[in-house]
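Engineer: Sending over a structure as structure tokens; questions will come in a sec.
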Amino acid sequence: MIQTGLLNNAHKDLITCAAFDYYGLRLATCSLDQRICVWDVEESGWVLRDEWKAHDAPIACVAWAHPEFGDVIASAGFEGTAKIWERSVQGGGWEEKAALVDARASVRQVQFAPNSFGLRLACVSADGWVRVYDCLEQNKLDAWLLAERFQVNPLPQSLHNDEGAATPITAPKQIQSAGAREADGGWCISWCKERWWGALLACSSGASGIVKIIRFYPSQSPQIVSQLATPNSNATTSVSWAPGCGRSYHLLATGGRDGHVRIWKVTAPIPEDDEVVEEADHRWEATLVADFDDHRTAAGGVGQVGKVEWNVTGTILSSTGTDGRVRLWKATTTSGGRIWRAKGSIGVEQRMPEKSGLGMDE
Amino acid sequence: MDALHIDLVPPLVEAGKFNELVQSGHIISASLSPHNNSLAIHMAPLGEPSSENSRLEQEETVYFASHDDIPSSDRRLILSSFSTFSAIWSTMRSRESLMSREALEILRKLSIDYVNFIKESWIHLSQPLSRPEPIQFSAEHYRSLYATFSLFVVLFVPEFGYEDAPVGEELMEWLNIHFIEPSTEEGDHLSSLDSPWEDGAFWPYLTRSIIRGLSKASLFFLDTLLQHPSEDLQDLVKLLIPLVETHPRLPQFTAERDFAQASRRWKDKVKALRVEMDRIPEDSRFDDYDNWWDSLSDIVGILEGRGEVLQRVCEELGADWKEVCAAWGIFVDSRLRRQDLPDVVTDVFEKMPPDPTNLEDTIHSSLFSGNSDQVLKYASDFDIWLSAHLADIMEPLGLLDTEADPESELSRRNQYVLSYADYLHSDPTLWRITVTYLYSCGKAGEEQGDEVLLRIPLQLDIPDSDEPSALAEIIKIISTICREHGRESIASITYARAKEYGKAISYSLSAEDWPGLGRIIDTVLQEYVQYGPAVFADHASKIGPSLDQLHSDSRTGGIFTQRLTFAVRYSHIHKLRLQQDYSAAASDLITLLRDEIAPRSWWPVLLCDSLEFLQYGPKLLFSSADVLQLLQKLEEIVIRSSQGSGEDYLPILVETGKGGGEKEALEKLRTVRLAIARYLARYTVGSETHFT
């Protein structure tokens, strides 16, 4: 482990999210200060390229689109708006291309689908809804169709609620109740990175902690194909779908308010036809293959996980938590890839005097 | 490998006090970079953002950290071993029988190359130079690697035909190279004495020289004993000297049978010496300092091949199990085979176990025991370069199970090689090497390699004059790698990224990547929309040859032929236009519309292009049938758009209009209609002649 750089005073308030672009050569950061910064890596280090006020509220998340769509960023605001930004080819600077205002509570995470599905954005908001938008004109980026929306944890009588479905939500009440639950909830989404299985999104919302895997179809409403149920009912704060990289099964990681990082192995039937789904759905299986509670330790056993994320080859998982550590996990070679182990950790505490920076502390 | 921990600087809180940050509403957060697996780390709000969060100094800092130390000192080994790794990969791939003589000989040669590369790195790091960067591994680490890889070669990659030959001599040679005993200083000291046997180190030194087969030193000090006050000892030494001199060693013989016979005869002579020794009365076995008889008896016991004596003496000398095992193959069982070694090792370990705190010793003991899985397990703890390269050779030698693990779907070899590639990925300048290792690891490795290759930066927007050649070089390397490993679709995407559409299409054709081909054609057409006809014509002219390739390829079923044909022919029109060959351009334009080679969404664009030809003063470029064709298409667009199908016809014209909508597009088409009307007026007046 080695520290390689430092960016001082990147924002005027706490940074809420940092996202590397597809190549890892640019970094977008957003903050409670309502601004987005885009940094370029140069020989001397990271250099601020652009900075702008993007929302009228704190920003929860930024995400890059695939470079084939140009320099495109989506941002999620606590005022309930997701925005699309494009870097202008001529003058530089970022232009607001669209504001997606359908959410009735703060938008917590935005993520673009893999490029093979076109320019498609999923958003999850604190009202418990996931919304999926398709860009109608990829060259203009100003027209976005709300292609799907559903409640992650619907009331029992409306399992799949698509446009205009039976359980109407009254906006003011929804915001109130969502607001009351926000303190102990978790809102997260992650797209399956591959095209082969169809468009799949893992999502979790609110306090339940259950992660649902939703499959989207061109001509029917989205279906839940599998669920990852944590042993207790704590909220899931982060979910990350590992790049497939040749595996015949999927790996997903979740982090929760119970301080646990979990890795799930999900086996899926080979997709045959978009329309034939019912039989196939029964063959999805999710098993827990790793469960770590290291993030609980330092905070007196009540810690929580902030974020989980896979590297680009799906071989390293990073997790962060209230123990103040970034932890890295890797499957051990000697176990045939079955057993996941800590590979390293990073903290921000004062070094112990006897430590020289490269300690074997675990 | 043990988990490592670092604390970032400047620190945000005192040691052990992160909980205070949590109380004030903070949590740590991180993102992984696709470039090199490094991390961007920052503080984030815990729970709802509120103004009540107490502010923290430097809380807006972003730290960057890498989970693997960026290889610097071991770059030399990474680079040199890469070419050998590639050679092994192509050898194994191109041979049907992995156990053929040729394959095994190549494997041995390349394994020895690895040993030499490690040795070079070791020598390089042993030099007292000042280095700009801190070194990752010490010279001692490379010494361990050198010893370990050499032992692997001795035990598992013998010369072809010698797999079943006695191994003792080779093991002793290995021991003498890597674990030098007794020390030269000791020898120098003893040789400077008049009566060296009076020194406590004399007998141990002599015994060890004999065990190690250092005949020169052994004979020198045996000679000194001829001056010893005891005549008994002198007599015995006179018998011993020729025995040490004539000890049959395998390399001196061409046939093992002769060696075995000579060894038997020699052993009989040693037995005769033992008889002579036993005749020495008990009270004559001492000198003023020591019981010389016991010391001599130990030496003779070893020469007799008595295992228990060898092991006890080695223990007393402070030698370890390695020395016992190597000497076992010289003195106790001079015909010891590689396959018998694990049994010997098991017995030796009972009294002299390997040092569990010394990783190198643990790897060596696993090598001696022939336990490949353990070798790799400990080797990966020691250095993942070692485990990856050992596994890569072990698999073709049949030392590893080639079946994929049902859980990870990876073979043992692939797991270790992928692990090394992950480490290499921490240094993005090593991408070429990283990708080659990845691509040698089956489907999983190929797809990981694709992810890395797709993210190689192509700095297209740097106008520097040197850049194009550097860029061309990178693209060339990528396409070579892709060709070697059958990843043509990745090469195609790379060429498309570099706007080399001709090559991009060619690669997507050979990869049979039809969706990819479709995307490239769309991208080429997009060049027109974004940058106009001149840029488009330039790009599209390079895809012409691909069209012939596509025509001759029946697999595509013509789906893409039409789109590609349109792109090529449309670009040709613009080329003619730019060359002011308006007659030909106008004629081609009509063909594209009449034969419906142009997709409907491009009709309005073509109609707008026709404006220039309709208004061309010197000549009439269209026949009446041509004009009718233009008019028909125009009608269809207008009528269908008014019926709500504008999306099928107008989007491209809308896009090229930069900001306008369908209304503006239809407005533009109205000017075409007007131009057609004027043209027809000119045509019917007949004052001018139509030229085709």
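Each residue, glycine too, has its Cβ placed from N, Cα and C.
In case it helps, TrEMBL gives these features for our protein:
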- A:8-42: repeat 'WD' (REPEAT)
- A:52-86: repeat 'WD' (REPEAT)
- A:229-266: repeat 'WD' (REPEAT)
- A:298-333: repeat 'WD' (REPEAT)
Engineer: Taking every residue in the repeat 'WD' (A:52-86), what is their average pLDDT?
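Structural biologist: Within the repeat 'WD' (A:52-86), the model's average pLDDT equals 95.
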Engineer: Tally Cβ pairs under 8 Å between the repeat 'WD' (A:229-266) and each listed stretch (A:8-42, A:52-86, A:298-333), then give the stretch with the top tally.
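Structural biologist: By the under-8 Å Cβ criterion, the repeat 'WD' (A:229-266) pairs most with A:298-333.
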Engineer: Across the repeat 'WD' (A:52-86), what are the DSSP residue counts per state (helix, strand, coil)?
Structural biologist: 3 helix, 19 strand, 13 coil
Engineer: Could you check whether the repeat 'WD' (A:52-86) packs against the repeat 'WD' (A:298-333) - three or more CB pairs closer than 8 Å, residues at least 6 apart in sequence?
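Structural biologist: With fewer than 3 qualifying Cβ pairs, these stretches do not touch.
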Engineer: For the repeat 'WD' (A:229-266), how many residues does DSSP put in helix, in strand and in coil?
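Structural biologist: Its residues divide into 0 helix, 19 strand, 19 coil.
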Engineer: Pull the DSSP breakdown for the repeat 'WD' (A:8-42) and write it out as helix, strand, coil residue counts.
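Structural biologist: Helix, strand and coil residues of the repeat 'WD' (A:8-42) number 0 helix, 20 strand, 15 coil.
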Engineer: Using DSSP, how many residues in the repeat 'WD' (A:298-333) fall into helix, strand and coil?
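Structural biologist: The counts are 2 helix, 19 strand, 15 coil.
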